[in-house]
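Novice: Marked as compositional bias 'Acidic residues' by TrEMBL: 1-38, 135-148. Per TrEMBL, domain 'Histone-binding protein RBBP4-like N-terminal' is recorded for 58-125. What TrEMBL records for 1-51, 126-156 is region 'Disordered'. TrEMBL lists 304-339, 349-383, 394-429 with the feature repeat 'WD'.
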Amino acid sequence: MSAPDDDTFAEEGGEMEELAEAGSDEDEGVDMEEEEGAAGEGGRKVYVPGIEPLRPGEQLEMDRSAYRMYHECQTGAPCLSFDVLRDGGGESREQFPLSMLLCAGTQADTAMSNRLLVIRMHNLHGTEKDKEGEESSDEESDEDEEEDGDKKPQMELAMMPHYGGINRVRVCSDIFCGELVHEFLLHRELVQLAQGLILLLNSQATQRGEQSLAAVWSDKGQVEIFDLQPQLVAVHSSAAMASFIKQQKEATALFSFSGHMAEGFAVDWSPTVPGRLVSGDCKKNIHVWEPREGGTWQIDQRPFSSHSKSVEDLQWSPTEATVFASCSVDQSIRVWDIRAPPNSMLSADGAHSSDINVISWNRSEPFILSGGDDGLLKVWDLRQFKTGRPVANFKQHSAPITSVEWSPVDSSVFAASGADDVVSQWDLSVESCDVGARVEGVKDLPPQLLFLHQGQSEIKEIHWHPQMPGVMVSTALSGFNVFRTISV
């Protein structure tokens, strides 16, 4: 898909768009376990960011063989944050073509120009190896062109105007959410879109417990909850999309909270208690939201307040319903129990030497992953948390870490992104003795480092797709990348 100007959008949301496939000269993937000697073929060599700068006139060339899938797209104004929406396509999907749903929020030049987006990407095919040295007839060439046309990735955008830049988006999909918004939906004008199609589908979705809500932290100092169902219907139906565009107006929140009195970035839905939410702001305060009947939340005005500076990220425990973790500009990571406010029950002070930007809680093991302005990635074992010492410490990125996330399907694998425009993939189960021959120039890298992905400018956030093993999505100032490497 070709992007419009940075502060404009594609034709209001609905039209079929094409995503660009791999092939940019600026893109490069480095697989850390290529065979020795491969770098010597044709004078090619592996470039490792942070070790040797590019010389004048040098350009990076993407190695398509390092990816099982690679696509890129743009949505107009850049998205600082996004989340993956689970869909009904099944678990552990690996067969191409793939499709996915994302929710994203923009950071446009003016408050009025922002949008809350639901994105549907589909017809995502794998990366085919180049056919070298093959000659083909005109007839075969025509057939190849027709086949390539059938494999073009597609994208639909349903965009809802949102006043104010969106700092972070997190999506909740569960039975509670469906029940919560059902009464509200019956009174919304949007339910009349596409001759009652929205109302019908919303009622069915509510009964099946498939309603999706988005929690949005905006730069106007509010945390808002939005119903995504009208947009989800629109990206799957051209008739619904046409009606959605015709009826479109500024997004109306199901619920909003202004009690933080400042803007923030940290927000997370509980994976164990449907509808429970936690949010943190730049003034060090954290509030827990408890769901109530009638489409509202009860929020204790007394915040959790052991941090001394801005709360940057929050993560609920995947197993303990009342426990969450936080990280802060005060260089600490804290673990809290909502039954014992307002102070944290565990803390690692001085966990990093500078601001701690992001954390991720492992779904299977008692590990928390953190990334900070010092460019360090640290793994913390909660069983040894009081010692204040991480069990693993990696310095590969040359700039602040902007996002981290454990793989949803492999408890030893995680990914990180940095302000050095690199996405790194790691596997803690790899030891030095497991590593075979390596390309010259990467022998001194940590054996746990699997892959370095480049090609984007100012990467802000990354997520694994929970239903597609190994598939990652990243957002940056330059747009989105959707890819799967040969390493994961």
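Note: Cβ is positioned from N, Cα and C throughout, glycine not excepted.
Heads up, TrEMBL stuff is auto-annotated, nobody curated it.
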Novice: Report the DSSP secondary-structure composition of the domain 'Histone-binding protein RBBP4-like N-terminal' (58-125) as helix, strand and coil residue counts.
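Specialist: Helix (H, G, I), strand (E, B), coil: 6 helix, 33 strand, 29 coil.
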Novice: Six or more residues out from either end of the repeat 'WD' (304-339), which same-chain residues have a Cβ under 8 Å from its Cβ atoms?
Specialist: 264-273, 276, 278-288, 345-363, 368, 370, 372, 380, 382, 385
Novice: If you average the pLDDT over the domain 'Histone-binding protein RBBP4-like N-terminal' (58-125), what number do you get?
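Specialist: Mean per-residue confidence for the domain 'Histone-binding protein RBBP4-like N-terminal' (58-125): 95 out of 100.
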Novice: When the repeat 'WD' (304-339) is classified with DSSP, how many of its residues are helical, how many are strand and how many are coil?
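Specialist: Secondary-structure composition of the repeat 'WD' (304-339): 0 helix, 18 strand, 18 coil.
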Novice: Give the residue counts of the repeat 'WD' (394-429) per reduced DSSP state, in the order helix, strand, coil.
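Specialist: For the repeat 'WD' (394-429), the helix, strand and coil counts are 0 helix, 18 strand, 18 coil.
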